[in-house]
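Marked as region 'Disordered' by TrEMBL: 1-31. According to TrEMBL, the substrate binding site annotation covers THR32, GLY33, SER34, THR35, ASP92, GLY93, ALA94, ASP95, LYS114, GLY115, GLY116, GLY117, LYS141. Residues or ranges marked as active site, proton acceptor by TrEMBL: GLU123.
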Amino acid sequence: MKTSGGSDAAKRRAGESAAEAVTDGDVVGLGTGSTAAHAIRRLGERADAGLDVRGVPTSFASRELAAEEGIPLLDLPDAVGPEGPGIDVAIDGADQVATGAAGDDPLSGGALIKGGGAAHAREKLVDAAADRFLVVADPSKESPRLDRSVPVEVLSAGRTAVAAAVRDAGGEPTLRRAERKDGPVVTDNGNLVTDCAFGEIADPAALSATLSAVPGVVEHGLFVGLADEVHVGTESGVRVDEV
Ligand SMILES: O=C(CO)[C@H](O)[C@H](O)COP(=O)(O)O
């Protein structure tokens, strides 16, 4: 499992806090990354103890972990199809969480950058479909403004056209390379990822719309207006912010 900055104890507190918010009978979106993994493990323990829960994985990695934990699984199309039960709650990590500023830009508070694990396309499908989306993070992820690179999943054939459109929009695109193989990262969907540096993002909603409109973009890692709660694990406890 890929990990990023922030202490594991803080990530565990955040993940377990969100897992405790799941109630009997819930269908739960299972996020990707080291913080969401703590939530999946805690849900596995609760399922062992009798909790009736089904998971909708957002990636190969979250599916594997949930299966190891004995959590019954549903595929997204079945969960949200006409006969499906829907998704009650999704629990997912983030690479950056905008804390926003009161009276500043109401849309920015709770806006996220995701996709450090290249899973953001399925994560956005699941997180957006859920009745409630709980973000799990440690304090290293919080920032008044989003300023990390935005992962953009692209069709391979569209990579240079998308890179040009990103430059036109004021960004600097870098094709994500694999660490243990020569060549690019290939997503669970068979596409490539371009990490796009825009500096401080003044208007995440506007940039989200711009990126979504570029032909060849499968999905980008700006999640605006989706989060309902942010569970921030610290060294000593958990803070839960409503968005
Ligand atoms: O968006 C993601 C994967 O695509 C992850 O949720 C994000 O990268 C955070 O990961 P971690 O909890 O390991 O810091």
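Placed from the backbone N, Cα and C atoms, the Cβ positions cover glycine too.
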Listed binding-site residues adjacent to ligand 1, that is, members of THR32, SER34, LYS114, LYS141 whose C-beta is under 6 A away: THR32, SER34, LYS114
Inter-residue Cα distance where the pair is GLU123 (active site, proton acceptor) and SER34 (substrate binding site), in Å: 14
Please work out the helix, strand and coil residue numbers for the region 'Disordered' (1-31) from the DSSP assignment. 13 helix, 4 strand, 14 coil
Would you mind reading off the Cα separation of LYS141 (substrate binding site) from GLU123 (active site, proton acceptor), to the nearest angstrom? 18
Per the record, substrate is bound by THR32, GLY33, SER34, THR35, ASP92, GLY93, ALA94, ASP95, LYS114, GLY115, GLY116, GLY117, LYS141: how many Å separate the farthest pair of Cα atoms? 15
Note: in the chain of THR32 (substrate binding site), residues six or more apart in sequence with C-beta under 8 angstroms of its C-beta are THR58, SER59, ALA61, SER62, ASP92, GLY93, GLY117, ALA119, GLU123
